[in-house]
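Peer 1: According to TrEMBL, the feature active site, proton acceptor maps to His70. Per TrEMBL, the feature active site, proton donor maps to Asp260. Residues or ranges marked as compositional bias 'Low complexity' in TrEMBL: 374-388. Feature annotation from TrEMBL assigns compositional bias 'Acidic residues' to 503-520. The compositional bias 'Polar residues' annotation in TrEMBL covers 540-552. Marked as domain 'Carrier' by TrEMBL: 422-496. Sequence annotations record features per position, and here TrEMBL assigns region 'N-terminal hotdog fold' to 38-171. The region 'C-terminal hotdog fold' feature in TrEMBL is assigned to 203-351. Here TrEMBL flags 369-422, 501-574, 961-988 as region 'Disordered'.
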Amino acid sequence: MKSPQKVIDKAVKALVAAGTPHQLPQNQTIDPKTLPLWTFVGYQDAPTNKTARFRINTESAQYNTYVLSHVIAQTAPICPGTLECDMMIEALFSLHADAQENGLQPEIRDLVNHTPICVDPSRTVYLELTALYKKRTQWSAHFLSVANGGGDAHNPQTHAEARLRLRAAGDADYLREFAQFERLVSHGRCRELLGLGLDVEGVEVLQGRGVYRAFDPVVEYGEVYRGVRYLVGRGNECAGHVQLPARHRGDTWLDVALSDSFSQVGGLWVNLMTDVPPGDMYIATGCEVTMRAPRATARGEGDVWHVYGRHARQSDKAYTTDLFVFDAATGSLVEVMLGLQYGRVAKASMSRMLARMTTDETVVRTKASLPQLPATNSSPPATAPAPAMAVVEASRNSKKRSKKTEKKEAKPKKTQKDSGWRDITEEVRNLVAHVSGIEASEIGLDSEMADFGIDSLMGMELGREVELTFKCKLDQAEQMEATSLRKFVAVVAKALFGTDQPAEVEDEASEAEDEDDDDSSSTGEGGTWSEPSQEDGSKESSGLQTPDSSSYTPPPEKAQKAGPVPGNLKPLNAPTAPPAVSNLVLSPADVLAAFGEVKMATDSLMREYEIDKTERTLLAGSNRLCAALVVEALDELGCPIGTAAAGQPLERVPFLPQHGRLMQCVYEFLERDARLIDIDVASGQLTRTHVAAPRKTSQAILEDLLTSQPEFAVANRLAYHAGKQLAGVLSGKTDGIRVLFGSPEGREVTAAMYCEHPFNRMSYRQMSDVVEGLAERIQSRGGTGETFKVLEMGAGTGGTTLVMAPLLASLEARGIMRVEYTFTDLSPSLVANARRRFGKMYPFMRFAVHDIEKSPAEELRGQHLVLASNAIHATHNLVVSASNVRQALRPDGFVMILEMTEVVPFIDLVFGLLEGWWLFDDGRNHAVVPAEHWERELHTAGFGHVDWTDGNLPENAVQKGHFRDGFRTPGSSPTKGRPGANDGTRPR
């Protein structure tokens, strides 16, 4: 019998040997209806071949069989999530040709639906699969689309993303994990529910044709999907009887229609057996885990399944559901779908959005005249006013109309046609709403842009959106001065129309507001339509975002009068929900024991993530790339290191004053690591050494490293991207923010460093293992009824959050403990992005703007755990910052800090471009300091016990590991840990 690892290794070798999957013949006319679901386009990153792209054939008959039978809100069809999962799996199988033959089972995790894939012939949909590390058994999947003309090729619309993993059926961890689910639920409980009748109190039943007739207003399923025959609900549980006719069964591993029938059990219960208002509906926004039994065989035809569901209400507008699928004949558990997320939205809002995004009018059930459904989230309608009040209101409205008539008569206006100018206020407002994630109706003309998270970082993104939408380029200085929406509209108008604009623009805006005021005291017939706000469980929180909201004109609404931010808009500097009150008390012994287990496993984890051989090869290659980049930059600035003769004196290059510390590190690197120059201690004179400069260009060296060191590709790509801009940053032509976040390429490679670099993934794994180990100890002590409170500081782009949030969600789903996770960062734009990205998926998350260098607000205190990943070093004073962190903790709380403890050249070349990297003024010589320095500072800040991960591999000493912990355990004596380890590769 083959071992699980041998099975995986064989599959990997087959994948590498195969090269590319089958592709359709070139230059051959093919009827699009006969195409398969997807076609392999090619690898996007030769020669490493880590990212494979597939085109989704949305005109194929097979695709439309599944899509056109899946109509949402009686409006338009969308691609169901189960079809997305099926295409992910089958595309992955095409890369692993013998995966099924070798018994490898696919597993899908962290599925998030961002935007529905609608019927839109003007866009092309792609699936990208990216191998996460060398063994190619774990992949990330992204569905994206671009306009057929290619206008948004560099800014594609993301529809869904997930992680896939291939697991051998005999894998011990796989067997143990699934066995836990088998112990958690039983087929007997499912059958017991199915046997309940309506005579039992609290029981609700749907059966036969009535199942889908009742569900039609939410999802209208075609015959191919109608597999649920019987559904029983009671309390927070339900059970379904599923049997799909053989003619509708698929031949793929997932079997789209059958898998969808399983998941329908959760959707039916949450929409038809809860107190959902008649004008609302629940839609699925994601799923944490989909897993089949390790030794499950292919599904046979004509079988019957029993599906057991357990539901947890997360808020007034969110549910989380776990589904367990049993073979009705044998009673065995064959599949689980855990952490299905449902968000509540208004049917009218959903209907309008789908009608807008579906450009093929032949498939739209309702278009221009969508029904005006009652607004369920608004306050109850007011009673009719007394006659006297009616007279007063009529008088006021009459005066307003009179004043407007006088204005029009007194000041005739130049028409838009005459001037060529048009009012773009609403277009710009919608664009700002799209970028910030705030409802357009909540953005007043005089509202501060910062209140919507538009800081310098998001301002660049907003500028790019303006350029794409209006085809004009904004003046950066003027954009910086545009602190309100009114001022920003003026900046865009100037760029678009020039300075010759009608003088009456402001009057027109005011007049429009007056007209809106006329309607502000009453609602139109059928009620006022409004889309729910983000925090209220909304279009945004449902994961269904509008990709082209800049061109969308919403129905008439109560316009915001120029003035302060509306009261219903929650400011970004405050958490999004009141903090939970918890009486959970942590045991110091449990905390230390959980960390101790992780610390002891550091070496083995390094081997698992294949970073145990980086000491010489990987860092040497990185330094060679950095040397080439620095030489090229200095040559551009007038210091010809590459061509200078040995012994030749060299002039220092000019640079902006704020980059003094960066240049000091650059020269030290050239002297100490690259050995290309000598620096006279007394005079500071630079002299060229005899050591040869890199003969290859930086681009050629990068290509070599991508082939020879694929596991370090993310770090090398980022170093190259940033290093090529070094001369521009030093001379002031650009800056670090623009280099790393000002372009799609920069954002992509920077985010990849946070999320995909193996050092960082291992560090996050260690953090999550500590939390999971602690949770298990809390559960064993019977302390699961209280809330475990976690605060992340300096959370940035969410690299740590991507790992911690799913773990905490699983702890809740498994009934181990309740959780609260607060995401904070200094940047309002990063907090706004995180709220859009995570808020819809994890109802237990809160979001707030917080500066680590300041004391935490009262709402942020009382935490059991504070997380900070490579954030505290980027502050002025470590003791002050650590003291502020300590203030957020409960007396029994602890902090986990991920920090670098040894300088790595490419990190300075990348993040040294940011001025924040050099903020320190507490006596440090560099932002990165040794483990012993951290220990002293944490003790000075008031922490009792300090420890860090360690091991025997040389990478622990050279890289200083990947993990730092400071435990605030009152009464424990300070202990000096061995020199710790931190990867030295990831700023936050």
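Backbone N, Cα and C define each Cβ position, glycine as well.
Help me picture these features in the structure, burial and contacts included.
Peer 2: If you draw a 10 Å sphere around the CB of His70 (active site, proton acceptor), it holds 21 other CB atoms from the protein chains shown.
The Cβ of Asp260 (active site, proton donor) has Pro80, Thr82, Tyr225, Gly227 as same-chain neighbours under 8 Å, each 6 or more residues away in sequence. DSSP classifies Asp260 (active site, proton donor) as helix under the three-state reduction.
Secondary structure of the region 'C-terminal hotdog fold' (203-351) per DSSP (helix as H, G, I; strand as E, B; remaining residues coil): 34 helix, 69 strand, 46 coil.
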